[in-house]
Amino acid sequence: MALDGLGSAYIRSTFHAVQSSNPKRMTSISAGPPDLSQILGPLVVGDLILFTLFGVLTVQAFLYYLAFPRDKPITKVLVYGIYALLLVQFVMVGREAFQRYTSPGAASRVGLGWFYVPVTGGFTSLVVQCFYAWRILVLSGKRAGSIAISMIAFLSSTAAWTAAAFGSQAGPDVISLNSPNENARKMRIFDGIAFISSAVCDVIIAMSMIYLLTRNGRIMHRRTRSVVGRLLRLTIETNTITSLVAITSVATLYAFPDTTLFATSAMLLPEVYANTFFLMLNSRMNLIHGQDSAEAQGDPSMADLSLPPIENLSPSEPNINVRGSAIVIDFPDESKSDDDASSKGH
């Protein structure tokens, strides 16, 4: 009974906090307090998944740091810049999650969501989609498709940043398309434009990569076909995931305008884009133990990411080679080294 009393008191306090922050909106909910399960619940789910994805991103960033010390400076700037930005997002989301449980009415406010959703999402999606546009340019040798993809990516990011500008001026207001707050309403509208254009861009990228990687399939060597098949799976999987998250965000945004259901997927979009970007870069890595592994082949569209191979390593250190666009780390077989040493001793 005590817990029920505390729960009722929390709902009443949240209801009165929302009412005092925006009395005009109470015309649509004057019958009773808002359903916190539709406001707080999606945010809790989104927070938990975001924390998990950031952990995965941290592991990928560490693998990149270990495997690709010879990558060009621009690649490293993008990788570590994205990670730093999403670290800021991680801290902001953690702060917001704490406030939702300690401050009545915080669950129904925009808060810092105007930054850690559209700003971080707009930047990461722009980097990843332009990276794909560059890969398409390398594979096709034509600029038209790459320019079109880059323009759509820039449109999506501009819409996201415009949403952030309106959101920063919205003040403490319920996140809703039906909100009487003009800035909050415009923020949601531009969020929808950003989600739609981002999904369209991802679909175009996937179709372009599939065409470019399969157009010479009949004359490919068997090993080349195997590599292309792996690249196709990676391309389809990553772009399918990002487009589905964007489509889910815009669908829930307009289907349930008075809830925060869209936030579950929307706040994950920057993490999803960043993880797919890191996955593409780390896909060049092959760990080989001993001397009996086949030579690795990589994606020709990513052959210019790294500097020339490292040479003159001591026998006890792993041999790092750049073969095409793949980084091959060849660990010496210690058992064979010991056998050789013992045989020489005899």
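Glycine residues also receive a Cβ, built from the backbone N, Cα and C atoms like all the rest.
Here the structure is a predicted model, which means the values were calculated and not measured.
Copied over from TrEMBL:
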- 43-65: transmembrane segment (TRANSMEM)
- 77-94: transmembrane segment (TRANSMEM)
- 114-134: transmembrane segment (TRANSMEM)
- 146-169: transmembrane segment (TRANSMEM)
- 189-213: transmembrane segment (TRANSMEM)
- 198-285: domain 'DUF6534' (DOMAIN)
- 234-256: transmembrane segment (TRANSMEM)
- 262-281: transmembrane segment (TRANSMEM)
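Same-chain residues lying 6 or more positions outside the transmembrane segment (234-256) and placing a CB less than 8 Å from one of its CB atoms are 38, 125, 128, 132, 177, 188, 191-192, 195-196, 198-199, 202-203, 205-206, 209-210, 213, 262, 264-266, 268-269, 272-273, 276, 279-280, 283. Long-range neighbours of the transmembrane segment (77-94) within the same chain, counting only residues 6 or more positions beyond its ends whose Cβ lies under 8 Å from a Cβ of the stretch, are 47, 50-51, 54, 57-58, 61, 64, 71, 112, 115-116, 120, 123-124, 127, 131, 267, 270-271, 274, 277-278, 281. Ranked by the number of CB pairs under 8 Å to the transmembrane segment (262-281), the listed stretches 114-134, 146-169, 189-213 are led by 114-134.
Long-range Cβ contacts of the transmembrane segment (114-134) within its own chain (Cβ-Cβ under 8 Å, at least 6 residues beyond either end) map to 78, 82, 85-86, 88-89, 92-93, 96, 145-147, 149-150, 152-154, 156-161, 163-164, 166-168, 170, 187, 190-191, 194, 198, 201-202, 205, 209, 239, 242, 263, 266-267, 269-270, 273-274, 276-277, 280, 301. Across the range of the domain 'DUF6534' (198-285), the DSSP-based residue counts are 74 helix, 1 strand, 13 coil. In this model, the domain 'DUF6534' (198-285) carries an average pLDDT of 83.
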